[in-house]
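Enquirer: Quick paste of what TrEMBL says about this protein:
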TRANSMEM  69-88  transmembrane segment
TRANSMEM  94-113  transmembrane segment
TRANSMEM  125-156  transmembrane segment
TRANSMEM  176-206  transmembrane segment
TRANSMEM  218-236  transmembrane segment
Amino acid sequence: MSDILILILGLFAGSVSGIVGTGGSIILLPALAWAFSPQAAVPIMAIAATMSNISKVILWRKAINLRALGYYCLPGVPASVIGASLLWVMPVRLSSLCIGLFFLLLIPLRHLAHRRAFILNNSQLAMAGGVVGFLTGVVFSTGPLTIPLFAGYGLLKGALLATESAASLVIYLTKAATFGVIGALPWSVLLAGVLVGLTQVAGVYIGKRFVLRLSDTLFNRLVDSMMLIAGLSLLWETLPAH
């Protein structure tokens, strides 16, 4: 029953991610932590997120801004390796606590970034890529932060979604490879990641049909709700007895 629920959530998460450009990991991570374990959920989600972002990159490939992608990923890749390595040696309860608190903190941070419009040049985008790359390694999902960063660089709509997806793909591939090197990707985890990833890929193609129809108000409510539920769910996992 839990496997069926996760596959359904994967389809829904892929649809949401295809519509708003982010959010799939936020939806799925608590469910995977419940079905497997918080420690196993992260590499599973790394595989699934890689597959999901591959599909988004294929869909939006013509709109990718290669300059922005390069400046972001050059420091972001090594930073994500450091973050992923740190996450894997953390106690399980501490990693759940960090991820849950970060999701809750993202809610006001995202709105603050939206209200205070900022412009990033090449070097500033590179520095931001290093910081967010490290955070992605540690807390896994930073999509609600990367969207404002690329928007601040001047990207809009298709170029924004395409470049954010390509950057996320590079970072998640790096993170998945790091997990493989440190022995965190046994066949059971790899298979689970592929299955969840396939449902997300299907959801991405469904979501593309609605990407231009979503109002700003509904977008904000949807992302905030996902982060609130995910954050509280992961914090619940840290309680000593429930």
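Yeah, the Cβs are placed from backbone N, Cα and C, and that goes for glycine too.
Please treat TrEMBL annotations as automatic predictions, because they have not gone through curation.
Since this is a predicted model, take the numbers as computed values, not measurements.
Set these features in their place in the structure for me.
Expert: Among residues of the same chain six or more beyond the transmembrane segment (69-88), those with a C-beta under 8 A of the stretch's C-beta atoms are 39, 42, 95, 122-123, 125-140, 149-150, 163, 166-167, 170-171, 174-175, 178-179, 182, 184.
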Enquirer: So which residues does the transmembrane segment (125-156) touch in its own chain, when a touch means Cβ under 8 Å and the partner is 6 or more beyond its ends?
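Expert: Result: 21-23, 25-26, 29, 42, 45-46, 65, 68, 71-87, 98-99, 102-103, 106, 109-110, 113-114, 117-119, 163-164, 167-168, 171-172, 175, 178, 223, 227.
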